[in-house]
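Engineer: So TrEMBL lists the following for this protein:
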type	residues	note
DOMAIN	A:12-127	domain 'Tetrahydrofolate dehydrogenase/cyclohydrolase catalytic'
DOMAIN	A:146-294	domain 'Tetrahydrofolate dehydrogenase/cyclohydrolase NAD(P)-binding'
BINDING	A:Gly172, A:Arg173, A:Ser174, A:Ile238	NADP(+) binding site
2 protein chains.
Amino acid sequence: MTTTPHRTAHKIDGKAYAAALRETIATHVAWLKEVHGVTPGLAVLLVGEDPASQVYVRNKGVQTVEVGMNSYEHKLPADVSAADLYALIDRLNADPAVHGILCQFPVPEHLSETEIVARIDPAKDVDGLSVVNAGLLASGQKAMVSCTPLGCLMLLRDHLGSLSGKSAVVIGRSNLVGKPVAQLLLRDSCTVTIAHSRTANLEEVVRGADIVVAAVGRPQMVKGSWLKPGATVIDVGINRIPAPERGAGKNRLVGDVDYDSAAQVAGAISPVPGGVGPMTIACLLANTVTACCRSNGLAEPEGLSV
Amino acid sequence: MTTTPHRTAHKIDGKAYAAALRETIATHVAWLKEVHGVTPGLAVLLVGEDPASQVYVRNKGVQTVEVGMNSYEHKLPADVSAADLYALIDRLNADPAVHGILCQFPVPEHLSETEIVARIDPAKDVDGLSVVNAGLLASGQKAMVSCTPLGCLMLLRDHLGSLSGKSAVVIGRSNLVGKPVAQLLLRDSCTVTIAHSRTANLEEVVRGADIVVAAVGRPQMVKGSWLKPGATVIDVGINRIPAPERGAGKNRLVGDVDYDSAAQVAGAISPVPGGVGPMTIACLLANTVTACCRSNGLAEPEGLSV
């Protein structure tokens, strides 16, 4: 009887990495308190009663407090005026106890997400969504980097060490993920290709890459047969698909990568769930510590920013 | 006797394109004056007496007036204080007759180029150098786009029509050229690869590309043998090399592409000199018209911006 040799990729455990990152953050927070008398503070704004947003905000608040930081939650009615919301943001911008500010999106239609983000002091924009932070990132300066891209970079650096000279393909060109991930990989001296829905020969492009970051929002699109053997794959996608095997009407979460086939070719791959997802809130906390150190003129802790 | 079939690439004539662009600009300027009573105005700041800078500023002024716009030259002594320079920029920011402001670089060492650029109203930053404009470009919003990258894109669109789905390689990752060119090509739906000094297999990367933009500052580095047959090549490099054949101590200008070998493989190539170079001032004028239209709430003329 012959057996087919089966490679099984290393599973990049984002949940474990995020837990370790939170411990590192807690250590830095304790040091900031003891040595400098400063406690990092994160303000989260929630407009309206969207149930999913309430869960996200609650999770952020719990994790913020767990690492020893101050959490300031501001819940506003769904019909809050832009003027009132901006007045609150202005107060938080001016408040030295608040180092990070984020507004949970989506917001009701009468409010503009772009204008809300623009109102937040770029130095406190711990979601890294503002035009100024995009520009700082694009020009290689110190920025607040969006949490999901920062999480991708941390996982890649942790697994690969130096990324210099590696060829990387980012699938997807969103402002939230694809474009900032490409900037971060370029900053780490990868040769970076940005592919997207108009890319003619996607399989071939992916096959040339040492690093593949999939952020396209199409369930299980990237197949194992597309990958260079040994490639490192970061799956940013979170897609809900029907899972009748779990019972009528049941769903399950999958990424943009077909995990089972990819795991037979890749060297390492981040799963969904349990890969990039858990990194997002941890990176939000990391950004808040970074913002706190910068605003107080203190050295930034290593490993929390790029 | 057998002859070797010789392909000769189409020469992308930036000088002719720039001349035509200036005519288009002059038509728009005349229309703005006649129909709206507005004359676009460009303010150029020159600090000190650097001879090369004086030539550049004079050329910009001459071309500005030739297309019918107002040119405001501000010559400041080499020891001007930052405070006095910023006060002038503040006045120009507030002046409704001034639609574009640029400071000729380099400036003396006691001044910061970054701070000067940051002081200019992003809407009047016709050199497109500010962090805000980099961020607007990176996030796909209306920006003032740096003149050289804008010139590259215009030449490519003029030669190829739609760029959608084409594979493009940008060699060089500078903030001034490489990175903004990559953003523009991505916006036009190319599959974009950014290569640089750490790229492992540059020849192979270049050989996969329909479009090659060389902006690396190494004379004649890209050889014809690196190119995909029929590729379109934009050479941004301007390098001075010894030309003893012209006499002892003589120099000549060459690009980052080895023109003679490249012309035998490429479908089209921009020469040096006479390619991208002449586009730069023309794009500065185009940006000033665009800024004038935006500040007056008028529709932007087609073909002057992206």
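Each residue, glycine too, has its Cβ placed from N, Cα and C.
Predicted automatically and left uncurated, TrEMBL annotations should be read as such.
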Engineer: Rounded to a whole angstrom, what is the largest C-alpha distance between any two of the residues A:Gly172, A:Arg173, A:Ser174, A:Ile238 that the record assigns to NADP(+)?
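Structural biologist: Binding-site diameter by Cα atoms for NADP(+): 16 Å.
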Engineer: Of these binding-site residues, A:Gly172, A:Arg173, A:Ser174, which are close to chain B by the rule of a Cβ under 8 Å away?
Structural biologist: A:Arg173
Engineer: Tell me, how many other CB atoms lie within 10 A of the CB of A:Gly172 (NADP(+) binding site), whichever protein chain they belong to?
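Structural biologist: Around the Cβ of A:Gly172 (NADP(+) binding site), 23 other Cβ atoms lie within 10 Å.
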Engineer: For A:Arg173 (NADP(+) binding site), write down the residues of its own chain that are at least 6 apart in sequence and whose Cβ falls under 8 Å from its Cβ; none is a fine answer.
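Structural biologist: In sequence order, the residues whose Cβ lies under 8 Å from that of A:Arg173 (NADP(+) binding site) (at least 6 apart) are A:Lys179, A:Ala182, A:Ile194, A:His196.
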Engineer: Within its own chain, what residues at least 6 apart in sequence put their Cβ under 8 Å from the Cβ of A:Ser174 (NADP(+) binding site), listed in sequence order?
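Structural biologist: Set apart from A:Ser174 (NADP(+) binding site) by at least 6 residues yet with Cβ under 8 Å, we have A:Ala215.
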Engineer: Between 0 and 100, where does the mean pLDDT of the domain 'Tetrahydrofolate dehydrogenase/cyclohydrolase NAD(P)-binding' (A:146-294) sit?
Structural biologist: 97
Engineer: Please count the residues of the domain 'Tetrahydrofolate dehydrogenase/cyclohydrolase catalytic' (A:12-127) that DSSP assigns to helix (H, G, I), strand (E, B) and coil.
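Structural biologist: Summed over the domain 'Tetrahydrofolate dehydrogenase/cyclohydrolase catalytic' (A:12-127), the classes give 62 helix, 18 strand, 36 coil.
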